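Peer 1: Encoded as structure tokens, here's the structure I'll be asking about.
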Amino acid sequence: MKEGRPRSFYVLAIFFAAYVLFLYGPMIAIYVLSFQGPQGGLTFPMNGVSTYWLTKLFQGTGIIDLGASFRRSLLLGVIVMAVTVVLSVAAGMAFRRKFRAQSILFYSAIASLIVPSIITSLGISLEFRIIDDLIKTHWNENFETSMGLLTSGLGAHLTWTLPFGLLIMFAIFNRFDPRLEEAARDLGATPWQAFRYVVLPIILPSVIGIGLFGFTLSWDELARSSQAIGAVNTLPLDLQGLTTTVTNPDIYALGTIISAVSFAVITLALGTIHMLNKRQAAKGSDAGKGLV
Amino acid sequence: MDTSDNILQQASPDLVRGSDTARPARAARLSPSFVSWLQAGPMMLVFLAFFLIPLVFVVIVSFWDYNEYQLLPAFSGRGYTDTFEGCIAQLPDLCTIAKTYLKTLKLCFLVWAITLFIGFWVAYFLAFHVKSKTWQMGLSLLCTIPFWTSNVIRMIAWIPLLGRNGLVNSGLMKTGLINQPVEWLLFSEFSVVLALVHLFTFFMVVPIFNSMIRIDKSLIEAAYDAGATGLQTLVNVVVPLAKPGIVIGSIFVITIVMGDFITIGVMGGQQIAAAGKIIETRVNALQFPAAAANAVILLVITFLIITMMSRIVDIKKEL
């Protein structure tokens, strides 16, 4: 190949830069606009700079109880994260050897990822409606509903986060050297010890990645929540509701806060992953330390 | 077979062949298949309870009857007949549902073509032109981060730019190119396609990048050495080898756009009818069997598209 950078490099570099600008430009616009002055509107130019709209959110705008949906989204996100991590790691371990129903699980996960969200969401809501009807006719006439944040809502979010978790586990174990585990077994470790002291420390950075995916996917999830969450709203649902009614920058302020939480979680997770990788590099080898 | 068996078998084939008793006793307290079930079972249960059974319910309910207030669990084709009302009588004019699906397919095709173009070149740049691993990581992360923030926020982010008094319009007015604000920028098919491309190009970039990064660079040099032009190398070497990524990315984008109702709702100003919107509208009107019938139709169409695409490449092999 020719020396130096070919012309196509510069063309594509400009193309890439334009894509990144396209990606970030509008988002930066609303972060900036959420600092409008009290008289400011939905568009540029800025009418003064203040944190008026951000603080107004926390005082309550009267239309919706943002504090409550904030807490609901947070609670759901954390539970989805925990369940996603545990189930994905377990299933990932199972996929390292052949077992019956392996391909059923695999295709369920892929299908769950690509069947349009509205269909999954509708299905879950129908399922719970039918369950409700059964309870009402057979057990308790006054029963309200079994739909809710931590029943149908949690299930709906898991159908979205688990496939991602499983695919990440596949990627991890593609690179994993099974001899490390073999060595542990040969040294007399039980399967649990081999997992706890050998496998888990090695895969931990990626497992944190799964947690990160689980939380942020749930935190921002809208399509699957729309029919399946029951009577309450999550933060993205409130935000979507605002898009049709509100003409003030408080919608941008809300957007900025939701993004801020996402970014904080991403930064925290990436920081932890980086720290773990450094630790692994520094302490991973026991060469020259003798037998334990 | 267990990986430990594999290694043992390589070392001394006679030791393991045909008998489980040769395993070390301590490792075999729980049978491996039982452990597998224990490990994979919980995830399977979640998919069963919240994905597979709900899908079955969608199909069943699509054949139920309904009135203004409730579901009536009796066989009826009303969900479907209501959906296709007047379709035959109106011929050769298209009925509402047919028009809606054509519109959905059109949006889908536009978004697919644009995201494929952008995604391919972005992935190409990252995979072939960015030489340092650190830069590759950093730039990929740069493309990934917006994916982790709320879609609604990324949609409404276009309002201050495209609105009647938005940046684009005021910019064009100032330069004197137009006298009146352009109205079709926001709450139009244009803004819907723009927002969908903005949201989902990520799903194209990642799989294509993954395919490209696995291409042996010496193949490309070999093509050049054999006298191929840049275009010939691209068409005959890079594209065929990146095909799995292209197909997987396409499946993601197409299925997302086919079922989308939120972006089309918000960016179309609740004016544009699309397949996903019909389902949402029917649910809001509490016409669940009709909603389910539309879901089944959408599912069948999506499934057909995926089957067609997976003919081109074995998805399972590529993951």
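Backbone N, Cα and C define each Cβ position, glycine as well.
Positions annotated as domain 'ABC transmembrane type-1' by TrEMBL: A:70-269. Taken from TrEMBL, the feature transmembrane segment applies to A:9-33, A:74-95, A:104-126, A:146-173, A:194-215, A:251-273.
If you look at the structure here, what lies around each of the features I listed?
Peer 2: Residues 102, 105-106, 149-150, 153-154, 157-158, 161-162, 164-166, 168-170, 172-173, 195, 199, 203, 207, 210-211, 213-219, 234, 261 of the same chain lie 6 or more positions beyond the ends of the transmembrane segment (A:74-95) yet place their CB under 8 Å from a CB of it.
Only residues 6 or more beyond the boundaries of the transmembrane segment (A:104-126), in the same chain, are considered here, and those with a CB under 8 A from a CB of the stretch are 91, 95, 147, 152, 155-156, 159-160, 162-164, 166-167, 223-228.
For the transmembrane segment (A:146-173), the residues of the chain that approach it from at least six positions outside its boundaries are 72, 75-76, 79-80, 83-85, 87-89, 91-92, 95-96, 106, 109-110, 112-113, 117, 120-121, 124-125, 127-129, 131-132, 135, 203, 206, 209-210, 213-214, 217-218, 221, 224-225, 228-232, 234, judged by C-beta separation under 8 angstroms.
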